[in-house]
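*Asks:* My questions all concern the structure below.
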């Protein structure tokens, strides 16, 4: 993204080239002593005129040259954050108490990546407002006014991690001036939290100083923290109010608290107020927020095992790295190497005019190898030139060769991290040629990250290089903080959790989707995708996410209703109803700017340029193609906010640069062909549902068992009366390597002297696939070898590999598919949380077509061999509605009772009555042995048979 360095310096000089502001033409500011809380983007005395722009001078100074003569009456900042979209308004009111005219400067810092949306200045009742024009038009208007002596100077400059907005006005004695600046930015998640910074530098004591930060997050607030950034001076001043979905931070120091010391006349308010927070994430599918024709999809899954990584560090050791840069880089690398996981592989390439490698091949991150690599790095002595081309090609060769020779874990990710402080001086010098060489040689499973130290390096080149090869670039400032900056960046990419993440929105009425395909997802971050939809054609927006975790393929589905947010947004005055539109525009324009820098032909670049220009004008955003013209009502006095050539990529603060791909539906492996057994329950989305078969083997509450015996076409039922915590063997088939066990939970209290029990947890073990699956009433956990993946009942998702598929239907059911021929279905039974007795429990269903080995056993497994039964002598029972009969089975003659049991597959709330013959005494005589023979010690223990 183009960093807009817009510095407005307005010089209202009382000389020939400037216009004067008459002292007798101003009006009093109404409500001067009242700092009232207002709705987002609404402040007094200002014409609402939303526009975008940015600016950047080198330094920020005090509000005026004469501190004693000008009073800062109020300095007020308000930020409102709605679902990561922040709008900040800075308002300053000053009074000239001097008998002479005074220059007053409004100089504020805003975060890089922010868009200025409006600037308004009121001096002596004359109001200056802003409009967005195409850049050449804006410059022409500025030039016309300048020729008449009716403008100020036009200055463009850069700063470090902040951008400056600066304007100056000369006001007559007794005059009052008000400045107001609006800017917007998106909050990117880094290392597990969002960080909102407000730079406070009023330059003098303010009679009224007030900062309010309102945060509205629909997912709910997980934590909120305001670190001490003023060295304890304002301890206890910030007031934090944390709610479930809305929080407030206020900072209102009195004049006495603002003083640097008790008798000081200068302010201690000079720094950043920082607010850190994170949101709840109950659904692995992410949060899909849909409103007013736009949608935004936030995706930050947790509880996933890290994917092993193959990482090559490519370090510039040329002469320009001498001193503090090299020392800080070495210190950072030592810490980074210690943080590598044992399953990672790594090596180090260092280069000046020559290229060296610590190891010619990737090695495992053992303690011995890490210690040796740290010794190697400590001995580096910077000298010579910079051969970036050969260093990158060497690193690419090492990874390519390891991949071609099968030395890399197929489930791993490959990363190259380049650290350099300058442009090439040796070897290939042409940047476009280096970019082409890297693109031609790097495999499409490798991500290239570039860290540019200082300002001597061509940062725009590094960003093109990384964006084109599935990575990002970041500037590192060459100072004593270099080490922590390097370590912080590494921490952001140190934990890959998913590969090949793709967001699909298959509905035809969903359009203009931002980048929706990403090479990797890293823990602690967040992927954000936005788009448009036609509310007249859609009642809901469907999302399907496909991704790969450790040894597992994922398909995550969600549906979001159109009216879910309307009621909430309309009732909260601090919630921005346009947040979805603003987020979509922010992402789209920044991604287009990055695509423009990578455009392979002039024609493509012109097309992208045209799109950016139109969007910039439509959404009032100052980009490299537009400018902000600020003028009075007559239009004869103007100043210009322009954007100088500056670093740009997508998107400032983002960890991902993705691509756009066409949306697809659920992949074929996640939607097996419907069969009679597949119909045990609906899998995935509604369109995948099919009709359940009439006959399956199932276990529900009590727990009661319903066994369908196809030879006799009878349903046989029995209950098991055991204790909470006991684990029962349901299927134990060591020959096939299949196990199903269930752990009992009890009701909240006994009824009629009996405590009812239910299945609260089920364990499935597929030994040949080395896969264990634990399903509880809370979540679903897949353990595949050494990796663990968790899903929640709040997800609709598919997870699996070529042999095992887990399909979760939100809040209802889980289906396990083994080798596309064996099926296991689990239903979740929810009860009212405040029910005095009942608890949530699970039901399990097995189709009789599952093909176990002849040695299969367990309370359910033994009936897969379909024993013969004979029911005769049907007669009236003690209850006229429940007749009795005699049943011969396995050499036993039993008395059974005709009754009804519930089948919850088609009606999970009330169930469907199923007629069956009930066997008393915990199935004695119908099952082999006693039910206690089926107790096992662990959830994944096979049944030991005599």
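Including glycine, each Cβ sits where the backbone N, Cα and C put it.
In case it helps, Swiss-Prot gives these features for our protein:
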type	residues	note
DOMAIN	56-185	domain 'VIT'
DOMAIN	308-468	domain 'VWFA'
CARBOHYD	118	N-linked glycosylation site
CARBOHYD	263	N-linked glycosylation site
CARBOHYD	445	N-linked glycosylation site
CARBOHYD	578	N-linked glycosylation site
MOD_RES	60	phosphoserine
MOD_RES	282	4-carboxyglutamate
MOD_RES	283	4-carboxyglutamate
MOD_RES	466	phosphoserine
MOD_RES	702	aspartate 1-(chondroitin 4-sulfate)-ester
MOD_RES	886	phosphoserine
SIGNAL	1-18	signal peptide
*Asks:* Between the Cα atoms of residue 118 (N-linked glycosylation site) and residue 283 (4-carboxyglutamate), what distance do you get, rounded to the nearest Å?
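*Replies:* Counting only the Cα atoms, the answer is 37 Å.
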*Asks:* Around the C-beta of residue 466 (phosphoserine), how many further C-beta atoms are within 10 angstroms, looking at every protein chain?
*Replies:* 23
*Asks:* Among the modified residues 282, 283, which residue has the fewest other Cβ atoms within 10 Å of its own Cβ?
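*Replies:* Output over modified residues 282, 283: least Cβ neighbours within 10 Å is 282.
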*Asks:* If you compare CA-to-CA distances from residue 282 (4-carboxyglutamate) to each of the recorded positions 263, 466, 886, which comes out shortest?
*Replies:* 466
*Asks:* Could you check the glycosylation sites 118, 263, 578 and say which one's CB has the fewest neighbouring CB atoms inside 10 Å?
*Replies:* 263
*Asks:* If one measures from the C-alpha of residue 445 (N-linked glycosylation site) to the C-alpha of residue 466 (phosphoserine), what distance in angstrom results, rounded to a whole number?
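*Replies:* Pair distance, Cα basis, whole Å: 13 Å.
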*Asks:* If you average per-residue pLDDT over the domain 'VWFA' (308-468), what number do you get?
*Replies:* 95
*Asks:* Please list residues from the chain of residue 886 (phosphoserine) whose Cβ is under 8 angstroms from its Cβ, counting only those at least six apart in sequence.
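*Replies:* Looking at Cβ-Cβ distances below 8 Å from residue 886 (phosphoserine), excluding near sequence neighbours, one finds 871, 872, 873, 893, 894, 895, 896.
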*Asks:* Return the member of 263, 283, 466 nearest to residue 578 (N-linked glycosylation site) in space, with distance defined Cα to Cα and candidates limited to these recorded positions.
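*Replies:* Given the candidates 263, 283, 466, the nearest one is 283.
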*Asks:* Give the distance between the Cα atoms of residue 263 (N-linked glycosylation site) and residue 466 (phosphoserine), rounded to the nearest whole Å.
*Replies:* 53
*Asks:* Would you count the other CB atoms within 10 A of the CB of residue 445 (N-linked glycosylation site), including those on all shown protein chains?
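*Replies:* Looking across every protein chain shown, the total is 18.
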*Asks:* To the nearest whole angstrom, what is the C-alpha distance linking residue 466 (phosphoserine) and residue 283 (4-carboxyglutamate)?
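*Replies:* Distance (Cα to Cα, whole Å): 31 Å.
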*Asks:* Please classify the secondary structure at residue 118 (N-linked glycosylation site) using three-state DSSP.
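*Replies:* Once the DSSP labels are grouped into three classes, residue 118 (N-linked glycosylation site) ends up as strand.
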